[in-house]
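Take a look at the structure below.
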Amino acid sequence: MAPSGSTGLLLWVLIFFALSITPLEARGPLGWLAGKPPQRTAAAGICASSVHIYGYKCEEHDVVTQDGYILNMQRIPEGRAGAGDMSKKQPVLIQHGILVDGMSWLLNPADQNLPLILADQGFDVWMGNTRGTRFSRRHKYLNPHQPAFWNWTWDELVSFDLPAMFDHIHGLTGQKIHYLGHSLGTLIGFASFSEKGLVDKLRSAAMLSPIAYLSHMTTVIGDIAARSFLAEATAILGVAEFNPKSGLVGGFIKAICHQAGVDCYDLIAVITGKNCCLNASTIDLFLANEPQSTSTKNMIHLSQTVRDKELRKYNYGSGDRNMKHYGQALPPAYNISAIPHDLPIFFSYGGLDCLADVTDVKYLLDQFKFHDKDKMDVQFIKEYAHADFIMGVTAKDVVYNQVATFFKRQS
Ligand SMILES: *[C@@H]1O[C@H](CO)[C@@H](O)[C@H](O)[C@H]1NC(C)=O
Ligand SMILES: *[C@@H]1O[C@H](CO)[C@@H](O)[C@H](O)[C@H]1NC(C)=O
Ligand SMILES: *[C@@H]1O[C@H](CO)[C@@H](O)[C@H](O)[C@H]1NC(C)=O
């Protein structure tokens, strides 16, 4: 059964929600909605709160997108061993997924955090924070209280956010960039590289929990989808900010559990699969700092992706309206197979990941069947689920070192 757009939206709320709370047995499923006191205040920015504390250099950068958003980035130019020859350093751009920001990469003890590991391995590390997240809620003319500020989907992350970040890094370093994405960070990478916009500035790509097709993550929610009240999602939330920490969304989640007669707690285990390797202290820190806002329109676009089994631009809901925006009745498709076949690309996916479901990842990999074989590495980690790739205590040994080795091979 194909879920409706609003069902898909709900699905995402539930999945993220479930992902967030899985390890917190003691706190109960709605713990983060109750509001925890922050343990690491980020007011001073990500460098100050989450990089300097580990003894690394870190620079805050702002970049302005072509459509006026001001995005915050962090740069960790060197590891603990010092700078080395800066002119030879290769930049890596680390791009987070949906409903989180760059800080989600920095919540473990120092030697387990991906950005710090890559800095120690000699890379010039950059972290992106997409529009709408805590430090990227600025715009040249708009403010986050205006609906127009939230009038975008991941299409705009592809068209504007990624190009602004790439241009900034490339402009400063003169070097081609290694891209590393997780989850939505992989989706916007795939979409962008398929349109070939950034490939002249791109050295290689590492895709963790890769998503492009999402039609197999619906199983359990199928039941809930049948319940028509879900159609209210868009009506309740409107075209505006989608803030998972707000009472509105929180109440909505509770209502779903209640109305669907579902024990949210069981639901969680079934939906997310089980992250094998999260540290309880890290999860506390995660909950104090995430989730982050996105736009409701972005959630709707994602649910269209769930529904349609195809990667297309945002669907305005009717042939006429699409015609007005795109000059055609169906939104233009992103063609993953059009990603240049000689782009070095590394995939890592988990056997228990219910967002990047194994069936969907296999379908995705199928789009790469004509890719140059020696340019493509595929890693499967049986026991990993979605969040293990960002915060797993074993991720350094299991994934990050492999990514660093892969990047070095593409020098
Ligand atoms: C979990 O995190 C805490 C706090 O950062 C740390 O002291 C502990 O060593 C971590 N445990 C593991 C297994 O990494
Ligand atoms: C959102 O953008 C579209 C054009 O893409 C425009 O038609 C619409 O009026 C905008 N809505 C808001 C609330 O700014
Ligand atoms: C997608 O790109 C591939 C490779 O360039 C091409 O062979 C194929 O025809 C394209 N598919 C569509 C639907 O345009």
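The first residue you see is number 1, and the count goes up from there.
Every residue gets a Cβ built from N, Cα and C, even glycine.
The following features are taken from TrEMBL:
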- Ser183: active site, nucleophile (ACT_SITE)
- Asp353: active site, charge relay system (ACT_SITE)
- His386: active site, charge relay system (ACT_SITE)
- 51-108: domain 'Partial AB-hydrolase lipase' (DOMAIN)
- 1-26: signal peptide (SIGNAL)
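A map of TrEMBL features onto the structure.
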residue: Ser183; record: active site, nucleophile; DSSP class: coil
residue: Asp353; record: active site, charge relay system; DSSP class: coil
residue: His386; record: active site, charge relay system; DSSP class: coil
Output, ordered by sequence, the same-chain residues six or more apart from Ser183 (active site, nucleophile) with a CB under 8 Å from its CB, or 'none'.
His96, Gly97, Ile98, Leu208, Ser209, Ile211, Leu355, Ala356, His386
Mean of pLDDT values spanning the domain 'Partial AB-hydrolase lipase' (51-108)
92
